[in-house]
Amino acid sequence: MIDIRLIREKPDFVKKALEKRNYEKKMVDDLLSLDAQFRELTNQINQLRAQRNSISKMVAQAKSSGKTEEIENLTEEGKKIGRQIDSIEDQLKEIKVQMEKLMLLVPNIPDDSVPEGKDETSNREIRKWGDPKKFDYNPQAHWDLGPSLGLMDFDRAAKLSGSRFTVMYGMFAKLERALTNFMLDMHTKEHGYTEVWLPHIVKRETMTITGQLPKFEEEAYRIEADDLFLIPTAEVPLVALRSNEILEEKDLPLLYTAYTPCYRREAGSYGKDVRGMIRQHQFDKVELVWITTPERSFEDLETLVSHAEEVLRRLELPYRVIQLCSGDLGFGAAKTYDLEVWLPSYNSYKEISSCSNDTDFQARRGNIRYRRKDGKISFVHTLNGSGVAVGRTLVAIIENYQRADGRIDVPKALQPYLGCEVLG
């Protein structure tokens, strides 16, 4: 949620920011109209309350003088003002609800460093690491290689749950677990994160804090009987951990990491990446979250990105870093870098991590603040990123490390976790 004062004081700036993000600028005019009504009614109700207080004093004076008729007239006038106040209070409540609903649909403001563009075609490549492997044979896609080894089963997954689910056996199941432990060990032992074990089911309010609701409710798995949601990412509970709290500046930044399954309906992605494990309804991910100060948040974003990159470097997987343009930014992000790993089956790079600075957008929605050294209370900035998506990393290893005979070499960094050098 952005600051309503920004909309009041710089409406043209906000409209331009919304246009950069392909959003309708009309919502700014709608908010300004509601805000003007709210402030006008607030002035009216304050004046009426002042009148009522004045009448109360006059009634007291009349009582002391025994002026019965005056008391009755003043009392009736006071009741009339009270009814006016009640009516205006009802109007204020309704306007406040409308404003809150509309404010929750306004995206974050892109940072000045974000390139302007309509869609992903305007994204910028920042850097590459590693060279895609050149095979002297036709490499297999993971959706062929996995089943041929008897370690990946899409048919039985469909029998259990429908499309876009996977069953893995034996060493592939162990590889998924090894990757999770490898990532968590790196982030906690080398990068200073605190590991957190989290609920995978959260309240509507929790989903609203990070911006999943109300805009993306159709993408979420909802438990209707209890109005609870399966998390689409560990970012949701990690950020909300500190909602309605005031932190101390000396304790910032807070660095959290968590492994969780993630659940997404993918309602808007029909026909995309329908084969294999690239786009699943359930997938594993190690998440990284920072709660930091405004002064250092963009520098911290660069650090967070480097932590995600280090996972891919240790696994010796070719990747590139992309900066998203304004039209491709996520709803709550002010600035985002995507990490894309090379996949031979696509002969291209595919997203494996998205790292964002949400500035104070989530903090305002969740009322996450901190006390500065001078005693002033301000909103924190929140950062999030995948460190990284486990299933897509598994796919990248299977495809990039495959041999001509179908067996798969194990990256050196994972050999201590798996206890072997070759799979299959």
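All positions are counted from 1 along the displayed chain.
Each residue, glycine too, has its Cβ placed from N, Cα and C.
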Which of GLU176, GLU287, GLU295, GLU299 belongs with THR233, ALA234, GLU235, SER386 in the L-serine site listed by Swiss-Prot: GLU287
Collapsed DSSP category at ARG265 (ATP binding site): coil
Candidates THR233, ALA234, GLU235, namely the binding-site residues, that fall within 10 Å of ILE352 (ATP binding site) by Cα distance: none
Neighbouring binding-site residues, C-alpha within 10 angstroms of ARG264 (ATP binding site) - of THR233, ALA234, GLU235, GLU287, SER386: THR233
Cβ-centroid neighbours of L-serine site THR233, ALA234, GLU235, GLU287, SER386, 8 Å, sequence order: VAL236, LEU238, ALA258, THR260, CYS262, LYS285, VAL286, LEU288, VAL289, ASN384, GLY385
Listed binding-site residues among ARG265, GLU266, SER354 whose Cα sits within 10 Å of SER386 (L-serine binding site): SER354
By Cα-Cα distance, the member of binding-site residues THR233, ALA234, GLU235, GLU287 nearest ARG265 (ATP binding site): THR233
